[in-house]
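Colleague: This is the structure I have questions about; it appears just below.
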There are 2 protein chains.
Amino acid sequence: MRLLLVEDEARLAHALQRGLRADGFAVDVAGDGPGGLARAREGGYDAIILDVMLPGLSGYRIVRSLRQEQNWVPVLMLSAKDGEHDQADGLDCGADDYLTKPFSYVVLVARLRALLRRGAPRRPVVLTAGPVTLDPGSRAVTYAGAPVELTGREFDLLEYLMRRPDTVLTKTELLDHVWDASPQTDPNLVEVYVGYLRRKLDRSLIATVRGSGYRLVSAASGGV
Amino acid sequence: MRLLLVEDEARLAHALQRGLRADGFAVDVAGDGPGGLARAREGGYDAIILDVMLPGLSGYRIVRSLRQEQNWVPVLMLSAKDGEHDQADGLDCGADDYLTKPFSYVVLVARLRALLRRGAPRRPVVLTAGPVTLDPGSRAVTYAGAPVELTGREFDLLEYLMRRPDTVLTKTELLDHVWDASPQTDPNLVEVYVGYLRRKLDRSLIATVRGSGYRLVSAASGGV
DNA sequence: GGCCCGCCTGAGAGCCGCCTGAGAAGCTGA
DNA sequence: TCAGCTTCTCAGGCGGCTCTCAGGCGGGCC
C-alpha cells in the first residue's frame, strides 16, 4: 500500500513516515502544497494524508483540484484548527475523512485502513434537490433539465446549501464557509445572494427561517 | 510527443517521468490498472508505457481492451517477471514492444523512439464537437467542412479540450497538460491561445467560466 | 392595529479577471 | 545569415462580478 503524506512540519512528517513504514506502508512525503498536488496528480497512491495548513497551497484547494480532475484517490485530512474551520469544510472539498490535531497515531492508522478498505470507487457526485442538479466537477447547474448560468459566488453558495438540505444555516455560518469572511461582515451579503439564486432558480427552493437563517428545500415543487 | 506512463511503483514512475520530460516528452502518469485504461481510452497519447503488474487490472488486459476497441496507440510493455510470463505473452495481447525489468533508461528511450517512428498503424478516431472536427492522426482540423490551419500549440490545446467536452478545465490544468509547464507559468498564456482558437474557429466554441477556467461546448451552434 | 425589526431588492461603485493588440524572442528552412 | 512563422510576454482596457447602501415591505409581538 502506497501513501502520500503532505505535511510541512518536518518533525511530524518524519514521525508519521517512520510509523507508517513500520506498519507496512510505502510512504512518500511532500513538504508543501504545490509539491503535494504535483505528486498526487502523478497518481499511484492508494491514499493521501493531507495537512490543511500548507505553504503555497492549502489542503482544501489540493483536494478540490484533484476532485475537479476526476481523481478519486481516498484523502484523509489533518487539521490543527478544530474550531475556526470544521470537518464540514474538508469534507465539502471532497476529502473522505478528517482528523483534528492532535490525534493519536493509532486512530490515524485505523481511519486510514477503513479508507483503504472502502477504496476509491466514488463516482463523481451530482447533487440533486427537486428540479435542481449541481455537478461540482463541471460546476454546472441545471433547473428542470435546462442549464442555468451561475456566477462563482452563487455557485459556491448553492453548493453549500445543497450539501446540507433541509437544514437551517445561519448567515454567519454561510459567511464563514462560503465567503471565508470575518464575522463582522454585513449579513446582508447573504440575503443579496440568496435573492440572486431565487431569481435564477426557484423562488421556493430556499426558504427563509426568520431570525435564524435559510434552509434549502430538497422537495421543492419545481413549479415556476 | 505525449506519453502515458502506467506504473504503480511511485519511485520508478517518478524517475521515468522526470527523465522523459527532460528528453522532451510530455508525460502523464497513471498508478493503477483501471486508471491507466481510463487515461488510455481518453486518447491523445503518442505512445503508452505500460507495466504488466498493476493493481486492479493487469497490463495485458489493458492492451487487449484497447485493441478490442480499435485503439492502435503504440504500447511498450514493462515486465518484472522474465520467466513466468515472457515476451510472447505481451506481444500476443497486442503490445508493440516489450522490455524486461531491470532495463536501462537509454534502451527504453531508444525503443520508444523506434515505436514512435513506426507510429500507430491505424487511427480511426476523429473527434467532433458541433461544426468542428479534429483528426489527431493527420493533425487536421475542419470547421463546417472547411479546413482550418492551426499552429502546433493551438492544435494541442484544441485536442485537449475536445477530449474533455463540457468539462471545466482550469488554466493550471491546461498549462500542465498542453504546455507541460511549471505551475507558476503566467496563466495569460492560456487566455491568449484560447483567443487564437476562438478567432480561427468559433467564438462560442470555448466558453469562459469566470474564476474557474474554460469549457468546450460540444453542442456549439455553428452559427457564424 | 401599530410599531419594530428583520428581510428583500434595486442601483451603483470598485475591483479583478479576462481579452487583445503589439512586439520581442526563438525556431526552422532556404 | 536572413525571412517567415510560432511562441510567449507585456500592458492597457473592458466588462462582469462582488459587495455596499438605502429604501421599502411585511411578519410578529404588544
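We count from 1, first residue shown onward.
Glycine residues also receive a Cβ, built from the backbone N, Cα and C atoms like all the rest.
Where the annotation comes from TrEMBL, it is an automatic prediction and has not been curated.
Given the structure is predicted, the values throughout are model-derived calculations rather than measurements.
According to TrEMBL, the feature domain 'Response regulatory' maps to B:2-116. Marked as 4-aspartylphosphate by TrEMBL: B:D51. TrEMBL lists B:124-218 with the feature domain 'OmpR/PhoB-type'. As annotated by TrEMBL, DNA-binding region applies to B:124-218.
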Colleague: How many other Cβ atoms sit within 10 Å of the Cβ of the residue listed as '4-aspartylphosphate'?
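Modeller: So the number of other Cβ atoms within 10 Å of the residue listed as '4-aspartylphosphate' is 25.
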Colleague: Work out, from DSSP, the number of helix, strand and coil residues along the domain 'OmpR/PhoB-type' (B:124-218).
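Modeller: Helix (H, G, I), strand (E, B), coil: 34 helix, 24 strand, 37 coil.
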Colleague: Work out, from DSSP, the number of helix, strand and coil residues along the domain 'Response regulatory' (B:2-116).
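Modeller: Summed by class, the stretch gives 52 helix, 24 strand, 39 coil.
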